[in-house]
């Protein structure tokens, strides 16, 4: 049946996803990797369904020059600083911008009537955040973590509904601190029970379980990938509440933006059925009902929740909540989708919360088919994400995901639904007659992938309040590094090293947060799948190392001697990870040249971390940390500055310059 509360029209074109390889390059996409020494990932279904090649992705960062191993506290999480208040966001002042970069295999963008592409496409960027925990990897079913094991989290399903304690016991048994976790256990358990949207076009695909939301045209057998809900993954905008907050939808055509903006969970409440455990046991986290009528028949209450950036518990009445708080945020009084309460089996009651900004919608950047590379302008496909502002000033632990949908015009992408399943307009590997004598030719069509979604996600990162000395109106640009150890063939479909963005452009007085992460286990060893193994590069095998030194021109491969460095003249330090005050231009230069191994020039300023005190830095950075938490610099002198990495800039082999 077609659901009355959602017209299944645009869904088929949206994320009736087929897989066409999508790799996030900055921040580093995991493609379900953890810390494998091999070129291939070990567990393709560890956290999510990527539909990607096994070779893609980057390992989780290591904090030091040693492998983190089983100690997740020794992993490195990129730490970004939040934007200033949204009141300042009509202009660049106040923004913290992070350049998200990716490659997608089958092309996208430029799909106007005057410039048609070979397929329809959409790219969706979303994030999920929660208050950061002092415990790096708690043993629970809700806290985001990378894990220390490449194994997938466990899951066992009860055959029928039972008392709340049985669900608590099963959740506690399934979830482990050493397993990676993105979506909470409770949302997947709900997905296994909720009736799927039977208004969707499934073509010739027969669902293994005809009722559950874990079964979709692209995932007919209900295969599990971490705790991701397949129906939510495959379709956007989703019609039920979700833990994901929309950042941007990069549409095949800007004419679709009004639809996406209206249907985004950021702007529109979404409904779900709420049932209660017996004996006042609290709110159930699941229901089989997926529409109001079925919910009423199950003695549930159809409830519409709203997406929230975070709660605002300091405002305890509707009037106090919706007053003008002079911070540019939108506060609302209502029912927020509070996954913490759902995970605790507590009822959600009206409260004050901060709404996320509307989803940004624009035309997707152009890329050609059959190519994992740059766009038309010669740089990585990218989107500048303005990081959120959290008024609580709580540090957040987050995950970023990017999804890429391609679909076809061989059937109507907007008006094809379940009513067409009996006589599907597309069949498996059909024969077509062309030429004389009824000659048959076979087309290569898999109806599970005729319209498909690919995905990548980064490793956990944090968003922190701005440090003392950085104001709400300061504009912060993040300067990072992409790529991993190896030559162009060994790293593919990841990339060789480069700065990200490669050519940042800032205004006078802007702050640049220089930070990067790397792994000590990027050996790219066997198994290598359908590519070349090996880790060509400088220094200790398998290790990522970076630094940043000024050079004279982009076509030069020698850094400037320190007495000729001008890049840091007039620079002021907004923040530095070491907390050391009064850093000179020479101190800044040596911090960046040594990847943070040295913290200053002289012992009187930074003690045992000084150049004249600490053991000597190995000349290929082998004893430097793989990750650099960084320094935030305010550039006050206009000019063009060139810089390079001494270890990785290997002329005729690879270039790491900015």
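Glycine too: its Cβ is placed from the backbone N, Cα and C atoms.
Remember, TrEMBL labels are computer predictions, not curated facts.
Sequence-distant contacts of the compositional bias 'Polar residues' (43-56) (same chain, at least 6 residues past either end, Cβ-Cβ under 8 Å): 17-23, 29-32, 34, 147, 150-152, 180-182, 218-219, 223-226, 228, 230, 233, 401, 452-457, 492-494, 528-531. Feature annotation from TrEMBL assigns compositional bias 'Polar residues' to 43-56.
Per TrEMBL, compositional bias 'Gly residues' is recorded for 526-542.
Counting residues of the region 'Disordered' (43-67) by DSSP class, helix then strand then coil, yields 0 helix, 2 strand, 23 coil. If you look up TrEMBL, you'll see 43-67 (among others) marked as region 'Disordered'.
Here TrEMBL flags 518-556 (among others) as region 'Disordered'. Sequence-remote contacts of a segment are chain residues at least 6 beyond its ends whose Cβ falls under 8 Å from one of its Cβ atoms, and for the region 'Disordered' (518-556) they are 35-40, 53-55, 58-62, 65-67, 481, 484-487, 489-492, 497, 499, 565-567, 589, 592-595, 618, 620-622, 624, 626-628, 641-648, 650, 653, 656-658.
Residues or ranges marked as signal peptide in TrEMBL: 1-20.
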